[in-house]
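Reviewing the structure listed below.
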Amino acid sequence: MGREKKQEYALFTAWGASFIATLGSLYFSEIMKFEPCVLCWYQRIFMYPFVLWLGIAVVKKDYRIANYSLPIASIGACISLYHYAIQKIAAFSAAGAACGRVPCTGEYINWFGFVTIPFLALIGFITIAVCSFIVIKNK
């Protein structure tokens with residue numbers, strides 16, 4: 001497979017991950033009525049713009065977006081990882097209780113005993129970061 005096709009597929013995959021993450025986030029808050037905590041809002045701030053940015057980049061085949069999406073997705077992943085640690089690691093749990101009106105330790109979902117909303121966001125950010133790295137690597 002050619003370099004440009006790899007870049008195209010990676011960029012589209014990153015956009016798809018951001019689109020699914022945004023739809024999932026809106027589903028949980030607007031349909032299921034789960035109120036987001038402060039850290040959830042920060043994750044949304046980092047995730048939602050990717051739908052527009054990466055969507056435009058896919059249409060224009062502008063692979064330079066990866067230079068910006070990689071660090072932004074990495075920061076979002078760090079926030080998600082910290083939030084997940086607050087939920088799952090006892091030593092971090094004390095920090096989550098004073099997070100805001102809705103405690104960051106709350107687990108609206110807990111599929112298979114480990115898949116929570118911050119974990120899903122983490123997977124989305126990692127997917128975007130890896131795809132961005134692939135785009136950069138194949139320049």
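For all residues, glycine too, the Cβ spot is worked out from N, Cα and C.
Sequence annotations record features per position, and here Swiss-Prot assigns transmembrane segment to 8-27, 42-61, 68-85, 113-135 based on sequence analysis. The annotation disulfide bond is assigned in Swiss-Prot to Cys37-Cys40, Cys99-Cys104 on the grounds of similarity to another entry.
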Margin query: What whole-number Å value do you get for the CA-CA distance of Cys37 (disulfide bond) and Cys104 (disulfide bond)?
Written below: 6
Notebook entry, point to check: Going along the chain, which residues at least six beyond the ends of the transmembrane segment (68-85) come within the CB cut-off of under 8 Å?
Noted result: 14, 39-40, 42-43, 46-47, 50, 53-54, 92, 104, 116, 118-119, 121-122, 125-126, 128-129, 132-133, 136
Next item on the list: List the residues of the same chain that sit at least 6 positions away from Cys99 (disulfide bond) in sequence and have their Cβ under 8 Å from its Cβ, in sequence order, or write 'none'.
Entry: Cys37, Val38, Leu39, Ile86, Thr105
Check: If you count the other Cβ atoms within 10 Å of each Cβ, which of the disulfide-bonded residues Cys40, Cys104 comes out on top?
Finding: Cys40
Notebook entry, point to check: Helix, strand or coil at Cys40 (disulfide bond), per DSSP?
Noted result: helix
Item checked: Distance from Cys104 (disulfide bond) back to Cys40 (disulfide bond), taken between C-alpha atoms, in Å -> 8
